[in-house]
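For reference, the structure discussed in these notes is given below.
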Amino acid sequence: MAGIANGVGLLISFMLICGGMPKGHALGTSPYCEKVLSRFAPPGNCLKKNGNALCKESCANEQFREGVCLHLPKPQSKLNCYCSVLKCP
């Protein structure tokens with residue numbers, strides 16, 4: 001009985017070392033979650049009070065479902081309108 005337990009423990013250890021720890025679902029890896037800079041949104045739209053709504057409307061005109069004002073690629077970047085096919089985190 002102890003030999004079986006040792007064998008199972010060895011098998012689990014081997015699987016963790018070779019395969020790594022299970023990571024669950026990866027977020028933001030889908031091409032549908034990729035955020036693309038809007039081509040039609042006028043500059044300064046995101047600075048307005050209803051900037052996210054204007055951005056979403058511009059993205060809808062570009063055949064996207066979601067649009068949001070973001071600081072990309074860095075937090076220090078200028079606020080711009082980005083579009084994506086799906087709403088992703």
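Just so you know, glycine gets a Cβ as well, placed from its N, Cα and C.
Since we're looking at a predicted model, the values are computed, not measured.
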Disulphide pairing with Cys83 per Swiss-Prot - partner from Cys55, Cys59, Cys69: Cys59
Swiss-Prot annotation, disulfide partner of Cys69 among Cys33, Cys46: Cys46
Cysteine of Cys81, Cys88 paired with Cys33 via disulfide, per Swiss-Prot: Cys88
Candidate nearest Cys33 (disulfide bond) in space, where candidates are the disulfide-bonded residues Cys46, Cys55, Cys83 and distance is Cα-Cα: Cys83
Where Cys69 (disulfide bond) falls in three-state DSSP terms: strand
Cys33, Cys55, Cys59, Cys81, Cys83 as disulfide-bonded residues, winner by CB count within 10 A: Cys81
